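*Asks:* The structure follows.
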Amino acid sequence: MEPTSKKLTGRLMLAVGGAVLGSLQFGYNTGVINAPQKVIEEFYNQTWMQRYGEPIPPATLTTLWSLSVAIFSVGGMIGSFSVGLFVNRFGRRNSMLMMNLLAFVSAVLMGFSKLGKSFEMLILGRFIIGVYCGLTTGFVPMYVGEVSPTELRGALGTLHQLGIVVGILIAQVFGLDSIMGNQELWPLLLSVIFIPALLQCILLPFCPESPRFLLINRNEENRAKSVLKKLRGTADVTRDLQEMKEESRQMMREKKVTILELFRSAAYRQPILIAVVLQLSQQLSGINAVFYYSTSIFEKAGVQQPVYATIGSGIVNTAFTVVSLFVVERAGRRTLHLIGLAGMAGCAVLMTIALALLEQLPWMSYLSIVAIFGFVAFFEVGPGPIPWFIVAELFSQGPRPAAIAVAGFSNWTSNFIVGMCFQYVEQLCGPYVFIIFTVLLVLFFIFTYFKVPETKGRTFDEIASGFRQGGASQSDKTPEELFHPLGADSQV
């Protein structure tokens, strides 16, 4: 039975692969706005000239560009907070399928913005694709976590982050001036998102609905059993069904969990706090400052070909996500998150030193590249992939949609703050801007060390019962004490 449960079947690969196309969309739309900044700003200037007969004021251009970057996160905040409205009503798979309509609308708006001489169309398109991506960051980890066997849940959950970083890398390559990041083709660069949306529309109808949703939410045991047999590649799915039934019985003893209930109930208070702080540790680590403004950071560091250095960081990004994929089930979530936070803090200090001494020591530009590459690598070891799927692991079926909505909203809100404020904070702090992120990284390390339990190898119900047993006094317990009933290996 044990070896069978670990099997990576064709149907499971199809289900996860179809879902993470949404993750790729998220990554692509995060990274695509970076490289063509100058040509899009020129489009804004030309449009302004045609309307008002004068060049666009520099302050207005900065505001419009910051809005073009940050409006994506506003859409993401709205989308992430709406996850529960869809997944409980339409199911996990059907929700992902329906949301592709937003991607098609966004592609049309951004693709025809130049023809329509309207920067408003581009900004609206960025907002709509942001809503799509906000929903996706809830749908994909939830679906992947629910279709995956316990032994593969961490590795397959990391594929969400792998989809994101591959999307960022594709955006960086497509954004090269010699490919699509030029005066003529930038509308195509922004609208090419219709291709993964179309591909997902073709694949998802062949993917199964989440068996947990079918059994626990819809009480369709026969369908859930049939889906499990296909996903596991075996006729014996007794253990999975038994675990889901136990979780279903536990849900029936609980009243319906709303977002407010997550914060009122002692059983949910600690896991929701952990979920939110882990999401903040991802976004407030400074990683999106690197993603959004990497080209300009490399320019300031004196790098001759900054766009290629940016692509180099994208390759490092992807490579270390693959590393995380293979070690997450061995090393554990908590350990990797701690290593990632500590490494990023060290690289942020190096980056600060390199930028501060650049004028006196030109060779410091090379140190800045090493520091940024190291920063990105350590991010993908832990803070990149782990917050996405650990939220789904911390909660049982009942509170999971509400918890993912709260965690996603926290992620996108902090994403918005970084995207909107980094340019201004950088102007204020100069080369010392990454000291702010260093302090935050140290604080997140301390929180993770004292509060975050290990979830590796545990069923959803085992993890949730660990918090329930803590009850009202759980805030006084260490992760080891809180999860002691789950076995001696609760910490890695």
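Yeah, the Cβs are placed from backbone N, Cα and C, and that goes for glycine too.
According to Swiss-Prot, the protein has these features:
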type     : residues : note
MOD_RES  : M1       : N-acetylmethionine
TOPO_DOM : 1-11     : topological domain 'Cytoplasmic'
CARBOHYD : N45      : N-linked glycosylation site
TOPO_DOM : 145-155  : topological domain 'Cytoplasmic'
TOPO_DOM : 207-271  : topological domain 'Cytoplasmic'
MOD_RES  : S226     : phosphoserine
TOPO_DOM : 329-334  : topological domain 'Cytoplasmic'
TOPO_DOM : 389-401  : topological domain 'Cytoplasmic'
TOPO_DOM : 451-492  : topological domain 'Cytoplasmic'
MOD_RES  : S465     : phosphoserine
REGION   : 468-492  : region 'Disordered'
MOD_RES  : T478     : phosphothreonine
MOD_RES  : S490     : phosphoserine
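Quick one: where do these features end up spatially?
*Replies:* Around N45 (N-linked glycosylation site), the same-chain residues at least 6 positions away in sequence with a Cβ under 8 Å from its Cβ are P55, I56, L61.
If one looks beyond the topological domain 'Cytoplasmic' (145-155) by at least 6 residues along the same chain, the residues whose Cβ comes under 8 Å of a Cβ in the stretch are 5-8, 12, 15-16, 92, 208, 210-213, 231-232, 240, 325-326, 328-329, 333, 389, 392-393, 456-459.
According to DSSP, S226 (phosphoserine) sits within a helical segment.
Beyond the ends of the topological domain 'Cytoplasmic' (329-334), by six or more residues, the same chain brings 151-152, 154-155, 382, 386, 390, 393, 448, 452-457, 479, 491-492 to within a C-beta distance below 8 angstroms of the stretch.
Sorting the topological domain 'Cytoplasmic' (389-401) by DSSP state (H, G, I as helix; E, B as strand; all else coil) yields 8 helix, 0 strand, 5 coil.
Following the DSSP three-state reduction, the secondary structure of S465 (phosphoserine) is helix.
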*Asks:* Among all the protein chains here, how many other CB atoms are within 10 A of the CB of S226 (phosphoserine)?
*Replies:* 15
*Asks:* Does DSSP give N45 (N-linked glycosylation site) helix, strand or coil?
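*Replies:* Assignment for N45 (N-linked glycosylation site) reads helix.
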*Asks:* Please indicate, using numbers and ranges, the residues of the same chain that are 6 or more beyond the topological domain 'Cytoplasmic' (389-401) and have a C-beta under 8 Å from a C-beta there.
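*Replies:* Residues 83-84, 87-88, 138, 141-142, 144-146, 153-154, 157-158, 160, 212-213, 216-217, 247-248, 250-251, 254, 256-257, 261-262, 268, 271, 274-275, 278-279, 333, 407, 455, 458, 460-461, 463-464, 467 contact the topological domain 'Cytoplasmic' (389-401) from elsewhere in the chain.
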